[in-house]
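Asker: I'd like to ask some things about the structure below.
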Amino acid sequence: MAIERQTLRTSLAVLTGGVAVILDSTIVSVALHELAADLGAGVGTIQWVSTAYLLALGVVIPTVGWLQGRLGAKRLWLAALTLFLLGSVLCSFAWDAPSLIAFRVVQGLGGGVMMPLMTTMIVQAASAADRTRLMTVVALPTAIAPVLGPVAGGLILGAGDWRWLFLVNVPICLAGLVLAARWIPAGEPGRRVRLDVVGLLLMSPALVALLWGLSNVGGGNDRTDVLLPLIGGALLLAAFVLWALRRRDDALVDLGVLRSRPTWAASTLMFLSGASLYGAMLLLPLYWQQVRGEDALGAGLLLIPQGLGSLLSRTAAARLVDRVGARGVSILGFVLVGLATVPFAYAGEHTATWPLLAALFARGLGLGMVIIPLMTVAFTGLEHARIPHASIVTRVAQQVGGSAGVALLAVVLSTASARTGNPVHAFDLAFWWTVGFTGLAVLVSFVLPGQAAQDVPAVASEPVVSSAR
């Protein structure tokens, strides 16, 4: 049965703009050395080009549900995409490191709204049958961006100035704005609720503190810029949970969605998959460069098999979810990811390349199979008005999981390398930790539904339009 035309149009319009945000975060990561040299900044300063973007995401993600109710999905999407476009243009004109960092915050504010909103809009537009198939498209940029982004960034840097890393977003964003204006239907108004100001003042600083602390772990986990943000962020997050449980439906993020077994299980698995995916994307390029002597572009090209695996497995994963349910597909995917990571835990300087490329391809197959069931089952049985809240929870889980995975593996790698003086042993140990992440995910996957997902109630509650008092 064909996907409804309006659903397909909405999905294509959203993905056109969303792909710029997804690729941007990985493309820029390869340019930090060039940015430091051109702008005359130290490594510690230029690292804030990435950190500031990450912290901006933490500020705005908790507000997406309220903003969607306030403005409507279409207007919010157009505003966020325009803000991201403006930030991209401003970044290309940056004259020093502080200006670039400030403009990256603008980018992050727009991108932070777009990421959870992209999933919400597509899920709300689609029936359960269409949703599984559409998730294969939604998951594609997320799965392959960490692989293709560094390659694209290396090619752009090889052909031109670093400013083109940001200008390349302009035509994509313009196309996304045109399609969104034409194809995304306007939302309907609904009841008005107050902005949860206390929740905002608790959750946004909590995420910023946690992400900031995790981003600093690579320099040592006993530093005050690690311990204080992590402890403070954890306390603020705990306070938000207590506050949100008291306010229930009026909370900034309705944690009642976690009473749904599929939603909390999918959120936990998104945390673990974020740790496994982004943690490994720290290790894999470094392994090829530091152990095997490849340059940045060569390391990026060697990661392409993983992206190809993700591309090929997504359609099969969608069909399997429809037939046997999310549980079996998730278990199979995580098992494949774990087994395909094991060869890197035994790899050394002279290990043959082709078996490792085959392992990367298999790892990509597993990652493609994991993302589809999680993005599909997370919204099973939820009322339409609660879908934005579930989208925020899963997005936060993946974002924090990715940061935690990168931070933990960076500590393992640096500690083992300093203790033994042997980088090969350090990488082997770090890859075993990655296998451990996937092992935990396999166990949690048994909690997922064992049968194909049922549709979200057609008329659950009217859309929420919020307003501050």
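The backbone N, Cα and C atoms fix where each Cβ goes, and this holds for glycine too.
Pulled these features from TrEMBL for this protein:
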- 10-453: domain 'Major facilitator superfamily (MFS) profile' (DOMAIN)
- 12-33: transmembrane segment (TRANSMEM)
- 45-64: transmembrane segment (TRANSMEM)
- 76-95: transmembrane segment (TRANSMEM)
- 162-181: transmembrane segment (TRANSMEM)
- 193-214: transmembrane segment (TRANSMEM)
- 226-245: transmembrane segment (TRANSMEM)
- 265-284: transmembrane segment (TRANSMEM)
- 296-317: transmembrane segment (TRANSMEM)
- 329-348: transmembrane segment (TRANSMEM)
- 354-379: transmembrane segment (TRANSMEM)
- 400-418: transmembrane segment (TRANSMEM)
- 430-448: transmembrane segment (TRANSMEM)
Asker: For the transmembrane segment (265-284), which partner among 12-33, 45-64, 162-181, 430-448 gives the most CB pairs under 8 Å?
Answerer: 430-448
Asker: Hey, which of 12-33, 400-418, 430-448 has the most Cβ-Cβ pairs under 8 Å against the transmembrane segment (76-95)?
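Answerer: Stretch with the highest Cβ contact count: 12-33.
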Asker: Any chance you could find the range in 45-64, 329-348, 354-379, 400-418, 430-448 with the most Cβ pairs under 8 Å to the transmembrane segment (12-33)?
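Answerer: Most Cβ pairs under 8 Å with the transmembrane segment (12-33) come from 45-64.
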Asker: Return the stretch with the most CB pairs under 8 A relative to the transmembrane segment (430-448), choosing among 45-64, 162-181, 329-348, 400-418.
Answerer: 329-348
